[in-house]
Ligand SMILES: Nc1ncnc2c1ncn2[C@@H]1O[C@H](COP(=O)(O)OP(=O)(O)OP(=O)(O)O)[C@@H](O)[C@H]1O
Ligand SMILES: [Mg+2]
């Protein structure tokens with residue numbers, strides 16, 4: 001039986017959250033850990049179907065994901081959550097829910113600068129925003145409140161995916177969670 005935890009990866013679109021989460025998940029699973037990845041896009045298709053991208057809906061989305069992650073983590077799963085979560089108060093509420101239940105919670109800021117993210121533009125969102133086809137892109141014309149004191153900050157522009165995942169792994173290991 002392993003100790004569960006929620007590992008939230010917050011950051012801008014194309015920062016590398018999903019990529020790091022799956023890289024880390026592979027490594028953790030290979031060691032026998034139970035792992036689930038709660039990815040933002042997939043969640044929006046199901047649990048958060050019908051929610052949009054207003055401040056209120058983004059908050060609700062993050063609270064729902066936090067609720068599910070805590071349930072999993074409380075039951076020994078490492079719940080990896082690569083979700084933008086742009087608002088400080090939304091993230092704090094999730095952290096509090098974990099604290100109240102005595103469940104481990106780790107916040108990782110994937111702090112890739114917007115210039116690098118918009119260059120990567122994995123989903124073409126930055127291009128769409130620039131062309132006026134999309135409004136409310138986090139970090140461009142919608143807020144992103146960067147965490148002031150995350151458990152770990154990753155500069156993905158200066159390292160490989162493997163190095164980024166390894167740094168999260170090292171932190172989990174240090175805390176007795178992996
Ligand atoms: N060190 C690194 N860590 C993570 N991704 C990296 C790194 N270096 C380069 N990349 C590349 O950056 C891109 C990140 O895309 P990814 O889909 O993971 O971003 P995301 O943060 O999940 O974005 P979104 O919020 O839109 O889902 C990938 O193409 C990945 O290969
Ligand atoms: Mg993603």
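The first residue you see is number 1, and the count goes up from there.
Cβ from N, Cα, C; glycine included.
Any TrEMBL annotation is an automated prediction that lacks curation.
As recorded in TrEMBL, the features of this protein are as follows:
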- 4-154: domain 'APS kinase' (DOMAIN)
- 11, 12, 13, 14, 15, 16, 17, 18: ATP binding site (BINDING)
- 140-159: region 'Disordered' (REGION)
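Locations of recorded TrEMBL features on the structure.
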residue	record	Cβ within 10 Å
11	ATP binding site	29
12	ATP binding site	25
13	ATP binding site	23
14	ATP binding site	24
15	ATP binding site	29
16	ATP binding site	26
17	ATP binding site	28
18	ATP binding site	20
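Close to ligand 2, meaning a Cβ under 6 Å from one of its atoms, are these of the binding-site residues 11, 16, 17: 17. DSSP assigns residue 12 (ATP binding site) to coil, not to a helix or a strand. Restricting the average to the domain 'APS kinase' (4-154) gives a pLDDT of 97. Same-chain residues that are not part of 11, 12, 13, 14, 15, 16, 17, 18 yet have a Cβ within 8 Å of the Cβ center of the ATP site turn out to be 9, 82, 84, 110, 112, 117, 156. With DSSP states grouped into helix (H, G, I), strand (E, B) and coil, the region 'Disordered' (140-159) comes out at 3 helix, 4 strand, 13 coil.
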